[in-house]
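J.: Below: one structure in structure tokens.
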Amino acid sequence: METHTPLLKVDQVGIRFGGLKAVADVNMKLYPGELVGLIGPNGAGKTTFFNLLTGVYVPTDGKIFFKGENIRKQPPYKITKKGISRTFQNIRLFEELSVIDNVKVAYHSLAKHSILSSILRLPNHFSGEKEMEEKALEFLKLFNLDQFRDDKAKNLPYGQQRRLEIARALAANPELLLLDEPAAGMNPKETAQLMDLIAFIREKFNLTVLLIEHDMSLVMGVCERIYVLDHGQLIAHGTPEEIRNHPKVIEAYLGEEVS
Amino acid sequence: MIKLKQTKGFWLSILFAFALFTIVQIVISSALINFYIVNIIMTMGIYIILAVSLHLIIGITGQFSIGHAGFLAVGAYTSAVFTMKLGQPLLIGLIAGGLAAAIAGMLIGIPSLRLKGDYLAIATLGFGEIVRITFFNIDYIGGPSGMMVSQLTTWPWVFGCMLLTILVIRNFTNSTHGRACISVREDEIAADAMGINTTYYKVVAFLIGSFFAGVGGALWAHNFYIIQPSQFGFLKSFDILIFVVLGGLGSMSGAVIAAILLTLVSMLLTEYPETRMVIYSLILIITMLYRPRGLLGTKEVTSLFTNRRNKKGGPKDGNTHTVA
């Protein structure tokens with residue numbers, strides 16, 4: 001696997017908020033097709049790191065290469081178009097929009113009809129909208145969400161909202177999917193279903209996945225490699241087996257050993 | 001099936017619009033009603049244009065702009081200059097008024113749309129006041145004493161512009177571009193993460209909204225014989241804002257209904273000048289207490305009919321059903 005060029009290469013990336021170094025000197029390489037975990041105690045900077053990758057924050061130091069191109073100063077919508085898509089720790093659906101419209105928003109950048117042709121209702125408005133509708137419906141079926149297609153997103157049960165958020169992120173047609181604690185608030189059964197779903201989409205869409213997760217058993221079970229973040233810095237990196245026995249990781253999670 | 005239903009609704013709306021136009025036109029030309037009521041009808045139409053254009057900015061795109069009277073003023077003065085000073089026909093005045101307001105919308109929009117919520121509100125409020133003070137100090141257009149304008153606005157003009165505003169904004173809203181705007185309203189960070197250029201869509205909404213506010217301003221200018229900067233103060237902005245909020249944020253038909261009802265109420269109350277504003281305010285307070293999300297919430301009038309017909313599973317409205 002290491003023979004490929006990396007899909008994502010993070011080079012000495014960091015961000016300071018005033019005097020606070022939220023993330024510092026992070027190096028990371030993701031290769032096509034990998035499922036990599038990112039763990040760390042609360043406040044370690046995991047979500048901040050996602051925000052750096054997706055352009056919500058601009059890193060104060062370092063470079064981020066996606067498919068060989070430095071995306072450090074790109075706005076989020078451009079980064080999404082280049083092929084990085086994400087979900088959020090606190091679900092961020094378009095609550096008042098219907099389930100199908102949530103997915104259609106992700107298809108927006110593929111729209112062939114202009115604002116003018118929509119206003120004038122030119123033929124390519126209708127064909128464009130119809131194409132989106134069909135694609136979105138097909139997508140919902142894939143995730144067993146088509147039964148809810150006309151319901152408002154906010155009225156879905158919690159587990160389905162998570163599912164919809166993942167579906168919506170995938171509709172944006174990413175090569176790299178960033179999942180921010182997708183199992184948060186789920187019971188063990190739902191978590192197991194979620195893991196099946198992640199395995200399924202990975203296969204189906206040829207994805208590379210970076211996963212933030214608190215549930216250690218889950219991360220250890222599915223990830224091929226794991227990065228550990230603490231106080232904004234990478235403290236360890238390796239296979240689940242290596243991470244499990246890494247002294248620094250144990251220290252970060254359980255505290256220092258009393259000598 | 002769905003397509004048939006849509007076309008049926010389409011023809012029904014055309015029929016309704018035509019009937020409305022003809023009836024009002026006949027009533028006006030047969031002199032059944034006095035000048036005062038004709039004036040009220042015109043005002044109503046102009047208020048609908050303003051309410052619908054602000055609805056696109058606040059209700060759909062979620063940008064809390066309270067300087068709409070500024071765009072109204074820009075449209076009014078520009079069109080008046082074109083018709084009165086340059087001797088152009090009303091049509092040119094309307095287009096010029098709309099374009100000038102759209103340019104003003106873009107100029108204020110690009111820097112200030114990076115602001116959010118309260119800050120945007122204050123910036124747009126400031127814009128409205130700047131416009132008013134600027135016109136106040138330009139002698140060419142009469143300064144504080146205002147500018148005389150001939151009465152050119154007629155029912156066909158008002159109706160045509162009203163229809164155009166509603167159609168354009170409806171078509172825009174019911175497309176992927178409208179959904180992009182709604183996604184900005186719902187969650188800007190998520191919209192950005194879905195590949196929506198949020199700044200672009202905010203500016204577009206501002207542009208279209210201010211264009212029609214300018215057209216409304218042009219009609220306004222040619223309806224009252226005189227325009228003065230004092231007519232376009234922030235209270236005017238709030239009047240328009242009230243239509244949008246009372247009708248239900250996100251509902252175009254709500255904005256239209258609120259504009260009609262409140263203009264009517266305001267007209268009926270002119271007979272009691274000493275208590276007029278008290279009663280008007282009471283009506284607003286009571287409405288908001290009983291319908292906190294506005295008259296129609298986020299729904300449209302048309303959805304009230306279609307929802308009843310195909311009631312198939314799943315709660316449609318978050319007000320009545322809560323999902324744990």
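Quick reminder: no glycine exception, Cβ is built from N, Cα and C everywhere.
According to TrEMBL, the record shows the following:
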TRANSMEM  B:9-28  transmembrane segment
TRANSMEM  B:34-57  transmembrane segment
TRANSMEM  B:64-84  transmembrane segment
TRANSMEM  B:90-110  transmembrane segment
TRANSMEM  B:117-135  transmembrane segment
TRANSMEM  B:155-173  transmembrane segment
TRANSMEM  B:200-220  transmembrane segment
TRANSMEM  B:240-265  transmembrane segment
J.: So are the transmembrane segment (B:200-220) and the transmembrane segment (B:240-265) touching or not, going by 3+ C-beta pairs under 8 A with a sequence gap of 6 or more?
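T.: Not in contact, no.
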J.: For the transmembrane segment (B:9-28), I need the partner stretch with the highest count of C-beta pairs below 8 angstroms, choosing only from B:34-57, B:64-84, B:90-110, B:155-173, B:240-265.
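T.: Going through each listed stretch, the top one turns out to be B:155-173.
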J.: Do any residues of this chain, six or more beyond the ends of the transmembrane segment (B:240-265), have a C-beta under 8 angstroms from a C-beta of it, and if so which?
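T.: Sequence-remote neighbours of the transmembrane segment (B:240-265) are 40, 43-44, 47-48, 50-52, 54-55, 58-60, 66, 68-69, 72, 166, 169-170, 173, 182, 185, 280, 283-284, 287-288, 291, 293-302.
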J.: How about the transmembrane segment (B:64-84) and the transmembrane segment (B:117-135): do they have 3 or more C-beta pairs under 8 A, pairs 6 or more apart in sequence?
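T.: Between the transmembrane segment (B:117-135) and the transmembrane segment (B:64-84), which are separate recorded stretches, there is contact, as judged by 3 or more close Cβ pairs.
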J.: Return the stretch with the most CB pairs under 8 A relative to the transmembrane segment (B:117-135), choosing among B:34-57, B:90-110, B:155-173.
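T.: Comparing B:34-57, B:90-110, B:155-173: B:90-110 has the most Cβ pairs near the transmembrane segment (B:117-135).
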